[in-house]
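*Asks:* This is the structure I want to talk about, given as structure tokens.
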Amino acid sequence: MARRKIVAGNWKMNKTPSEAVALVEELKPLVKSEDVDVVFCVPAIDIIPVVEATKGTNIKVGAENMYYEESGAFTGEISPAMLTDAGVEYVVLGHSERREYFAETDETVNKKMLKAFEHGLTPIMCCGETLEQREQGVTMDFIRQQVKIGFLNVTAEQAKKAVIAYEPIWAIGTGKTASTAQAQEVCADIRKCIAEVYDEATAAAVRIQYGGSVNADTAADLFSQNDIDGGLVGGASLKADFGKIVNYK
Ligand SMILES: O=C[C@H](O)COP(=O)(O)O
């Protein structure tokens with residue numbers, strides 16, 4: 001069965017609540033699609049107004065992070081139940097910016113993955129190598145480790161619903177997109193890794209996005225690769241171009 005494409009915008013730390021609503025209103029008519037799942041992953045404080053503003057559209061709302069505990073004395077954190085209660089369906093986990101600036105590790109990402117599934121949230125688990133790792137030829141060893149630890153104790157049934165975002169760190173926010181061949185090669189190997197950990201059926205079901213300077217000019221080539229099922233888009237998700245990326249065909 002063909003995998004359904006999924007194009008998600010990661011707004012990162014951009015847009016106040018009122019700006020968020022204005023952006024949703026601008027993008028709403030542009031991101032209509034019958035064939036593509038469209039997700040807006042927004043800052044925590046924007047979630048409630050964005051859920052409200054996207055009602056009745058094809059747009060799903062995602063969070064950019066969450067904590068792995070149910071509730072309690074974890075000042076500043078957001079629980080999975082808070083997200084689901086607010087109408088969130090997706091959650092970005094282990095973005096490289098969180099790994100770099102907020103000390104996220106493969107182990108904490110794994111805890112978050114398990115908790116997200118427990119609450120019926122769909123994780124978009126990010127992985128990707130640095131430029132140094134690519135130059136040293138250890139890209140796949142590194143990514144395989146991120147994927148294997150991230151999916152530890154995740155069942156095959158859960159894994160089938162997961163989204164993995166391959167984001168080479170050197171391509172994020174740099175304007176330097178990975179070539180379609182580079183992106184396809186890594187996404188295919190991630191799928192192979194999932195097949196080794198689980199089975200072919202699970203590997204065939206999991207959706208793998210590419211992320212890193214995706215724009216309206218590069219989306220069509222990238223998203224038409226065999227193992228690339230859409231994109232996780234940063235900068236270009238904050239402008240009208242996002243509509244062109246969703247409707248890349
Ligand atoms: O999550 C999105 C990625 O970090 C890509 O960001 P970018 O499209 O601005 O390069």
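Just so you know, the numbers here start at 1 and follow the chain as drawn.
A Cβ is built for glycine as well, from the same backbone N, Cα and C atoms used for every other residue.
Heads up, TrEMBL stuff is auto-annotated, nobody curated it.
Dumping what TrEMBL says about this protein:
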{"type": "ACT_SITE", "residues": "His95", "note": "active site, electrophile"}
{"type": "ACT_SITE", "residues": "Glu167", "note": "active site, proton acceptor"}
{"type": "BINDING", "residues": "Asn10, Trp11, Lys12, Gly173, Ser213, Gly234, Gly235", "note": "substrate binding site"}
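Neighbours and distances for these, please.
*Replies:* Within 10 Å of the Cβ of His95 (active site, electrophile) there are 28 other Cβ atoms, across all protein chains.
Just so you know, the Cβ of Glu167 (active site, proton acceptor) picks up 28 other Cβ atoms within 10 Å once every protein chain is counted.
According to DSSP, Gly173 (substrate binding site) is assigned to coil rather than to any helix or strand. Long-range Cβ contacts of Gly173 (substrate binding site) within its own chain (separation 6+, distance under 8 Å): Ser213, Gly234, Gly235.
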*Asks:* Among Asn10, Ser213, the binding-site residues in question, whose Cβ has the most other Cβ atoms within 10 Å in this structure?
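*Replies:* For the binding-site residues Asn10, Ser213, the Cβ with the most other Cβ atoms within 10 Å is Asn10.
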*Asks:* Using a 10 Å cut-off on Cβ-Cβ distances across all protein chains shown, tell me which of the binding-site residues (Gly234, Gly235) has the largest neighbour count.
*Replies:* Gly234
*Asks:* Should we count any of the binding-site residues Trp11, Lys12, Gly235 as near ligand 1, judged by a CB under 6 A from one of its atoms, and which?
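*Replies:* Those binding-site residues that pass the cut-off, since their Cβ is under 6 Å from ligand 1, are Gly235.
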